[in-house]
Amino acid sequence: MTHFKLMKNLARLSILGALIMIVGDYLLFLTPWVSGKDFNSINAMRTMSEPRLMWGGIAGPISALAYAAGSCVFYVALKQHNKIIAALISIFSVITYGLVGAAHCLFAVIGFGGTEYAAGTEAGQIQENVTSMVETMSNMISVTALLSSVLLIYMIVRHTTAFPKWILVVMPLTLTLIQPLITPFVPYPLGSIIIGGWPNWAAVIFFACLLIVWRKRA
């Protein structure tokens, strides 16, 4: 298998992981239909049926496996420039997606206890603890994702790589940063569709752009 063929296959794996996670997102909080500014994933999950919560949670680790495998594309593409930094980008990305998959499972737990939470029971307190755990994991995800993104930006700016410099515009980090700016303008009923799956749609856009760039490379 040639260098670019492997890279394209890894990019496709990342897109597969993103699409699986989007399905999981929509199972967890696609409804109720709201605008962008009214979208709240935690509140939505507490109203979902148990089958939707179960399958939405299961999608997390399955997606993470594809995402993690696809993250090796950074090492394959950048190792000729700096093996250590290339490896760190892939490692931080794998850690990020592993944490995302685990958090997705916990999202389902939050939903399962929605009634108990509303009633203020002991089980509701457990839901508070799980929610706090998810928030902590989200902070960890932000750190590892930022580290991988900063290193990737450095490599793209510093070297002439398989990643064109304009790809920085559609990096997941860039698209994530602009999300708060567009959220208030997302109309009803597109809030959960656009904002609910935003991080994973950002990954789809990024890796799809790479596939377009690499489509004629052997």
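Glycine is no exception: its Cβ is also placed from the backbone N, Cα and C atoms.
Positions annotated as transmembrane segment by TrEMBL: 12-34, 54-78, 85-110, 137-157, 166-186, 192-214.
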Ranked by Cβ pairs within a distance under 8 Å of the transmembrane segment (54-78), the first of 12-34, 85-110, 137-157, 192-214 is 85-110
Best-contacting stretch, by C-beta pairs under 8 Å, relative to the transmembrane segment (192-214) and drawn from 12-34, 85-110, 137-157
12-34
Intrachain residues whose Cβ lies under 8 Å of the transmembrane segment (12-34), provided they are six or more past its termini:
40-41, 44-45, 47-48, 52-53, 55-60, 62-71, 73, 97, 100, 104, 107-108, 111, 188-189, 191-193, 196-197, 200-201, 203-204, 207-208, 211
